[in-house]
Amino acid sequence: MMKIEREQIEELLQDAEKNNYAIPHFNHSDFWDMSAIAEAAQEKDTPVFIACLPKVIEAIGIEKLGAVAQITMEQSKTPIIYHLDHCHSVELCLKAIDNGYNSVMIDAADLPLEENIKAVKTVVDYAHARNVHVEAEIGKIKSAGDEGYTPEAAFAGIEEAKQLVDETGVDALAVSIGSEHGFYQHAPKLDYDLLEKIHAHVQVPLVLHGGSGIPEDDVRKAINGGIRKVNVGTHIRYTYVKSVGEAIQEKGPATHTADIMEVAKKNVKEVLYDWMRICSNK
Ligand SMILES: [Zn+2]
């Protein structure tokens, strides 16, 4: 398949909006799990985002990652989008675009709104000129349970989200409705009411971060409320690392790496299939 461009990513997300499902986003950390995700996507004929945190770029190198992702996307019969996740640096976003990433997330949500808008706009201008998709995040949408959360403050956040989208032309927006990164101490309480309000006010696809550990029913409710991309990282990484450890315990450290990784890939794929099923909302 040819490199997926921004218009096709928009079409995929529009189809998700029309048919009420979400496109899964799976974080990878090396080339073994990248191929596990690509294989699972094709086996289930499900378009996916393969996402890469800046930490992975630091470990492997952006040129190498971009090149391998490029070949992975070309060889896939199912659309695969290579995505830079939670990038706080405008400069690294631009570099990722130059290295073949077809979607980037500029995460400037910690900055005041004006500065967030400025950073997102810089990335959007560069990305759209090169047919690359951009996701942003806004931190002003308070989550239920946050200190100082009031419906009024949440609503002010919605107005700011709308302003960020309108002024930057960003393609997707990560919203804070009570999910968190990593595993949860307690089951999260998602604010579906707030989600529906954002969905009604903001005309771009909404992204749920911190998918790992959110019960299936709650993910489905979030999809029904307008979530069109669900990010899963921790669940994959945990399964991966645990499987490698167990396979070494079982087979011994003299086993070839490829045979250990085969076990890890198989277990990771089971997790991916399950998230694809949940995201399909069928
Ligand atoms: Zn995230």
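Using the three backbone atoms N, Cα and C, a Cβ is placed for every residue, glycine included.
All annotation found in TrEMBL is predicted automatically rather than curated by experts.
Note that the structure is predicted; figures quoted are calculated from it, not measured.
Features reported for this protein in TrEMBL:
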ACT_SITE  Asp85  active site, proton donor
BINDING   His86, His181, His209  Zn(2+) 1 binding site
BINDING   Asp107, Glu137  Zn(2+) 2 binding site
BINDING   Gly182, Gly210, Gly211, Ser212, Asn231, Val232, Gly233, Thr234  dihydroxyacetone phosphate binding site
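Locations of recorded TrEMBL features on the structure.
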residue : record                                  : DSSP (3 states)
Asp85   : active site, proton donor               : strand
Asp107  : Zn(2+) 2 binding site                   : coil
Glu137  : Zn(2+) 2 binding site                   : strand
His181  : Zn(2+) 1 binding site                   : coil
His209  : Zn(2+) 1 binding site                   : coil
Asn231  : dihydroxyacetone phosphate binding site : strand
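The Cβ of Ser212 (dihydroxyacetone phosphate binding site) has 23 neighbouring Cβ atoms from other residues within 10 Å, across all protein chains displayed. Same-chain residues that are not part of Gly182, Gly210, Gly211, Ser212, Asn231, Val232, Gly233, Thr234 yet have a Cβ within 8 Å of the Cβ center of the dihydroxyacetone phosphate site turn out to be Asn27, His181, His209, Gly213, His235. The most crowded of the binding-site residues listed here (His86, His181, His209) is His209, judged by how many other CB atoms sit within 10 Å of its own CB. A 10 Å radius around the C-alpha of His209 (Zn(2+) 1 binding site) takes in these binding-site residues out of Asp107, Val232, Gly233, Thr234, in sequence order: Val232, Gly233.
Of all the binding-site residues in the record (His86, Asp107, Glu137), the one with the smallest CA separation from Gly182 (dihydroxyacetone phosphate binding site) is His86. The 10 Å shell around the Cβ of Glu137 (Zn(2+) 2 binding site) contains 24 further Cβ atoms across the protein chains shown. With a cut-off of 6 Å between Cβ and the nearest atom of ligand 1, the binding-site residues Asp107, Gly182, His209, Gly211, Ser212, Val232 reduce to His209. For the binding-site residues His86, Asp107, Glu137, a Cα-Cα cutoff of 10 angstroms around Asn231 (dihydroxyacetone phosphate binding site) retains nothing. The Cβ centroid of His86, His181, His209 marks the Zn(2+) 1 site; residues of that chain outside this set whose Cβ lies within 8 Å of it are Asp85, Asp107, Ala174, Gly210, Asn231, Gly233, given in sequence order.
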